[in-house]
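**Student:** Just passing along the structure, written as structure tokens.
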Amino acid sequence: MAFLSLLSGVRPLLLLITLLGPVVLVRGVTFRVVNKCPFPVWPAAAPNTGHPVLAGGGFLLPPGQSRLVSAPATWNGRFWGRTGCNFTSTTNHHGGANAAACLTGDCDGRLACNGTAGAPPATLVEVDLHEDQSKGSSYDVSLVDGYNLPVAVWTKPGAAADRKCVIPGCAKNVNAVCPPELQVTAAGGDGKKAAVVVACKSACLAFGTDAFCCRGAHGTAETCRGSVYSRMFRDACPAYFSYPYDTAAAAARCYAEVYVVTFCPSRWGEEADPVAQA
């Protein structure tokens, strides 16, 4: 009788499974965010529409440290690093909620961006995840809105020979080769030293013309061919997208359970940036 009673309880479950189809176990992914810069970085994340905010949208990451950020297996959005932040300054409090707290990548003066996009120029890691391995998750690094930090992205675990899953950092410090008309500068560490370059604008951000922004009559791959400025970005960071129709770069299409995002993956210029360390 007990066996028959057990069967009677199983039948509704079997019926439910039959009606709903096979049960799929949804697993998330992890982003390991690493700071190899010789100064603090405040990583931030902003989701695309319909996707959740990760890790409150932003946090502090001291030099040499890392943090694990969990995400749904289908998350879409972007990561970037903020530099030179001060969330306790008098200027920020008196300026209100919209006063900038960071020299680069600021999001309305907040530590936790809570989904708010960062102010350009900032190097962007763009992510488009798919749970179905056959569709292939993709990620890229973009300088379309300008540059502030070098960043590398790869999957883990991954074979050393599988280079298609690795987006390396830059061959040059973009801020060191940025032309004056694109430079974003800030006062030296104690306010008395000469201004230093903390970011480099894209030509679109600096000049706002259709030709540089690939819009209007220049809104196709055939009519937007890049410029001397995008070629400067391309020379310094060959793996990054330097303008919207940059065919020389490509998104990595690799499925993984762990993605590593590293700021300053190689040596940071000749010496630490005194402003970014503030």
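From the backbone N, Cα and C atoms, a Cβ is placed for every residue, glycine too.
From TrEMBL, here are the annotated features:
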- C37-C264: disulfide bond (DISULFID)
- C85-C102: disulfide bond (DISULFID)
- C107-C113: disulfide bond (DISULFID)
- C165-C254: disulfide bond (DISULFID)
- C170-C237: disulfide bond (DISULFID)
- C178-C200: disulfide bond (DISULFID)
- C204-C213: disulfide bond (DISULFID)
- C214-C224: disulfide bond (DISULFID)
**Student:** Using C170 (disulfide bond) as the reference point, find which of the disulfide-bonded residues C37, C178, C264 has the shortest Cα-to-Cα distance to it.
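**Tutor:** Going through C37, C178, C264 one by one, the closest to C170 (disulfide bond) is C264.
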**Student:** Consider the disulfide-bonded residues C102, C204, C237 and say which one has the Cα lying nearest the Cα of C178 (disulfide bond).
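**Tutor:** Out of the listed candidates, the nearest Cα belongs to C237.
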**Student:** How many whole Å apart are the CA atoms of C37 (disulfide bond) and C85 (disulfide bond)?
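**Tutor:** Given the Cα positions, C37 (disulfide bond) is 15 Å from C85 (disulfide bond).
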**Student:** Across all chains shown, how many C-beta atoms besides its own are within 10 angstroms of the C-beta of C85 (disulfide bond)?
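**Tutor:** The Cβ of C85 (disulfide bond) has 24 Cβ neighbours within 10 Å.
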**Student:** Including all protein chains displayed, how many Cβ atoms other than that of C214 (disulfide bond) lie within 10 Å of its Cβ?
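**Tutor:** Counting Cβ neighbours of C214 (disulfide bond) within 10 Å gives 21.
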**Student:** Whole-number answer please: how many Å between the C-alpha atoms of C237 (disulfide bond) and C264 (disulfide bond)?
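**Tutor:** Just about 13 Å between their Cα atoms.
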**Student:** Return only the integer: C-alpha distance in Å from C224 (disulfide bond) to C213 (disulfide bond).
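**Tutor:** Their Cα atoms are separated by 8 Å.
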**Student:** Among all protein chains shown, how many Cβ atoms are found within 10 Å of the Cβ of C37 (disulfide bond), not counting that one?
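**Tutor:** If we count other Cβ atoms within 10 Å of C37 (disulfide bond), we arrive at 24.
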